[in-house]
Amino acid sequence: MTSIKKAIFLFAVLFIVTGLVYPMTVTLVSGLLFPDQAHGSLIVDNDNRIIGSTLIGQNFTAPQYFQSRPSASGYDATASGGSNLGPTNAVLLESIANRKIELQKVGVTGSIPSDLVTASGSGLDPHISLESALIQVPVVAKARNLPEEKLKSLVLAESVDSPFTGAYVNVLSLNRALNEMNQSSK
Amino acid sequence: MVTEDLTVKGLMLILFLVVVTGVALPLSSFFVRVFSGELSRGIPGRIEKTIYRFIETNSDTENSWKGYARDMLIFNGIGFVILFALLLLQGFLPFNPEKFGSFDLFTAINTATSFVTNTNWQVYSGETTASYLTQMAGFTVQNFLSSATGICIAIAVMRGITRHSTDKIGNFWVDMTRCTLYILLPIAFIFALILTSQGVIQNLDPYVQANGYGSTGQQTIAMGPVASQEAIKELGTNGGGFFNANSAHPYENPTPLTNLIEIFLILIIPAAMPLVFGKMTGKIRQGWMIYSVMLLLFLLGFCTLYAAELAGNPLLKELNVSGISMEGKEVRFGLLGSSLFATSTTATSCGAVNTMHDSLTPLGGLVTMFMILLGEVAFGGVGSGFYTMIGFIVLSVFIAGLMIGRTPEYLGKKIEILEMRAAVITVLVPGILVLLFSGIALVLPNVTELMKNPGPHGLSELIYAFASMANNNGSAFAGFDASKPFYTLTGSLAMLIGRFVPAVAMLAMAGSLAQKKKVPPSSGTLPTDSVTFSIWTILVILIIGALTFFPLFAMGPIAEHLSMVGGI
């Protein structure tokens with residue numbers, strides 16, 4: 001048997017094992033063990049409609065919601081990616097300055113945490129840093145006519161920490177908790 | 001994010017490296033058992049034998065280096081043809097719920113070359129171009145087979161150094177089968193499930209239409225069999241993302257923990273390789289010496305990158321924006337998780353990214369480029385990192401021998417003209433490709449239009465593109481538009497030459513070393529497991545890298561850094 005024939009046969013065997021059996025088995029087993037995660041950690045509302053995914057960020061812009069980070073893809077979850085703008089690029093600095101002005105317009109004051117005015121790598125970052133959430137508290141409190149203290153404790157309750165990062169918050173979860181709090185306080 | 005507690009982060013890093021080392025050690029014993037055939041008994045042995053009967057080989061027949069190299073090249077050639085065909089026929093094949101059309105010719109050539117050479121440079125965007133069949137039967141298959149190829153070559157090189165008075169360095173079919181079935185497949189399977197448990201998706205569903213929450217509006221969410229590919233993509237230091245955003249995408253890398261697991265997977269086989277070598281040669285210290293050289297280069301890169309990012313972008317501070325620059329970074333990874341990933345992916349030949357390297361600070365970006373251009377030896381690609389490192393060691397032995405008047409020999413084998421040729425080819429070919437192709441690209445008209453960023457950063461983007469392809473890394477300063485035929489074709493050439501020329505050269509070295517008699521150590525022998533020799537090797541690696549590329553670094557990232565801090 002020539003090497004070419006050997007190569008074709010061995011490739012065929014390994015192709016079936018690694019390209020079909022392996023991914024199909026992982027799909028099957030993970031679908032049984034972790035059905036929710038395997039299908040995208042989707043969130044369904046009371047009417048059984050899909051709201052989105054806990055892992056995929058959404059573009060909140062209305063003042064009664066906490067805002068997500070800027071996104072190079074406008075939170076299009078079929079077009080992930082970052083801006084790829086370099087650190088000295090005037091376009092980057094200009095858009096950061098503009099985003100800052102937009103935030104100040106709605107009433108955010110003080111030094112602004114970097115993550116709130118820079119685009120993420122995925123364009124789908126579901127999180128903001130705790131500081132970025134806290135700095136938005138007065139704006140959201142005003143729009144919802146809620147006491148700032150109450151909002152602040154909600155943000156702190158929603159924030160998570162890891163030894164690798166500072167504390168951060170899932171924006172979609174925070175905004176859902178916010179609506180729930182609003183409803184229960186009515 | 002505002003303040004980094006460096007003590008905690010330092011402890012985390014040390015703990016992480018201890019875990020990597022702690023797992024690499026037993027894994028290296030496992031490697032030795034797999035490739036010596038010790039594991040091929042019982043049921044796995046019978047499965048193996050069936051495969052060997054099918055392809056008419058058996059584990060006792062071994063080949064010379066020429067036979068080994070020929071089989072390796074033919075096998076990879078078949079892989080190329082199949083993947084190329086899958087890409088061109090994608091539009092007619094099943095598991096394509098989003099009805100993607102076929103790849104165009106140039107993209108298909110580039111992509112097939114890229115995955116066969118373990119580069120995984122991507123000129124396409126996964127979620128809008130590649131069907132589930134392409135991802136599974138095309139990319140996932142090559143993720144396994146290209147990384148197994150690298151490991152097999154490294155093992156053959158180890159045999160060449162260990163054996164004497166023979167021309168046999170192994171049976172490629174047997175090594176390939178064992179590596180895939182015993183090492184890559186089980187580890188990938190387990191970690192694919194672990195990743196899914198943490199939120200990495202794994203399904204064949206059509207893209208999900210979500211309504212959004214509050215006022216955010218409709219959102220179409222891309223789906224797919226991600227976890228099975230993610231696990232082998234990191235384990236095999238392949239790096240081709242299922243999605244365009246690669247490991248920055250929350251479905252590929254959802255939490256700080258998955259991030260850590262993925263970095264672990266990137267490093268674990270490359271870190272085990274020198275220890276495998278120590279065990280195979282019976283010179284454990286020699287293995288640890290190579291390990292420590294790799295570790296020190298890795299730490300050097302990591303610390304520089306981390307410090308550069310921690311210092312941040314002064315231009316943002318002028319805008320009264322606080323904290324490090326988060327452009328291109330994800331909140332959930334933090335600075336440590338982003339820097340560690342960026343270093344690991346470029347110090348190996350992985351090329352997956354969880355941070356957009358194009359948006360790193362100039363010095364941070366310089367580190368990623370430098371780690372690639374050193375030849376990816378700071379643990380390195382699976383297999384390829386090890387054999388490139390052997391190339392550097394042979395070179396170090398030779399230069400040291402010349403300087404202090406010792407006979408150049410390594411582990412009892414005389415280093416002669418053929419070994420030196422192979423070492424020089426291995427060490428210099430990728431660098432020559434980078435300089436040559438970047439040089440040609442720079443004199444072509446309109447090259448600046450392909451660059452996303454103006455000035456020195458644009459030059460960095462171009463150099464990074466060829467550095468990444470010639471060294472089979474696959475990460476990018478992704479603002480650069482490399483989709484034009486000139487780049488897809490020269491890039492394919494760079495990937496092919498950068499992969500297979502050093503591979504064949506090192507197999508030739510293995511063949512030559514295997515035939516030599518062992519020379520007993522004498523007073524004229526330079527000890528290669530000493531601290532002095534380790535430092536010497538690091539210097540040789542750094543000097544070759546710096547001499548070759550310093551002019552480019554000066555005009556790219558260093559110029560940008562100076563303009564950033566000086567406000568020019």
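Glycine is treated like the rest: Cβ placed from N, Cα and C.
A TrEMBL annotation is a machine prediction, not a hand-curated record.
These figures come from a predicted structure and were not determined experimentally.
Some features that TrEMBL has for this protein:
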- B:12-32: transmembrane segment (TRANSMEM)
- B:73-93: transmembrane segment (TRANSMEM)
- B:139-158: transmembrane segment (TRANSMEM)
- B:179-201: transmembrane segment (TRANSMEM)
- B:257-277: transmembrane segment (TRANSMEM)
- B:289-311: transmembrane segment (TRANSMEM)
- B:331-353: transmembrane segment (TRANSMEM)
- B:360-379: transmembrane segment (TRANSMEM)
- B:385-404: transmembrane segment (TRANSMEM)
- B:424-442: transmembrane segment (TRANSMEM)
- B:492-513: transmembrane segment (TRANSMEM)
- B:533-554: transmembrane segment (TRANSMEM)
Stretch in B:12-32, B:179-201, B:331-353, B:360-379, B:492-513 most in contact with the transmembrane segment (B:533-554), if contact is a CB pair under 8 A: B:360-379
Spatial neighbours of the transmembrane segment (B:257-277) far in sequence, C-beta under 8 Å, 6+ residues away: 16, 19-21, 23-25, 27-28, 31-32, 147, 151, 154-155, 158, 161, 183, 187, 191, 194-195, 198-200, 230-231, 234-237, 247, 286-288, 290-291, 294, 332-333, 337, 340-341, 344-345, 348, 350, 352, 354, 379-383, 385-386, 389
By Cβ distance under 8 Å, which residues at least 6 away from the ends of the transmembrane segment (B:179-201) in the same chain are close to it? 30-31, 34-35, 39, 44, 47-48, 144-145, 147-148, 151-152, 155, 223-224, 226-228, 230-232, 235-236, 250-255, 257-258, 261-262, 265, 269
Counting only CB pairs under 8 A, let me know which of B:12-32, B:289-311, B:331-353, B:492-513 has the most with the transmembrane segment (B:73-93). B:492-513
Where among B:12-32, B:360-379, B:385-404, B:424-442, B:492-513 do we find the most Cβ pairs under 8 Å to the transmembrane segment (B:331-353)? B:360-379
Given the cut-off of 8 Å on Cβ pairs that are 6 or more apart in sequence, determine whether the transmembrane segment (B:385-404) and the transmembrane segment (B:289-311) share at least 3 such pairs. yes
As a test: from B:12-32, B:139-158, B:289-311, B:424-442, B:492-513, pick the stretch that has the greatest number of Cβ pairs under 8 Å with the transmembrane segment (B:360-379). B:289-311
Using Cβ atoms only, state whether the transmembrane segment (B:492-513) and the transmembrane segment (B:139-158) have three or more pairs under 8 Å that are 6 or more apart in sequence. yes
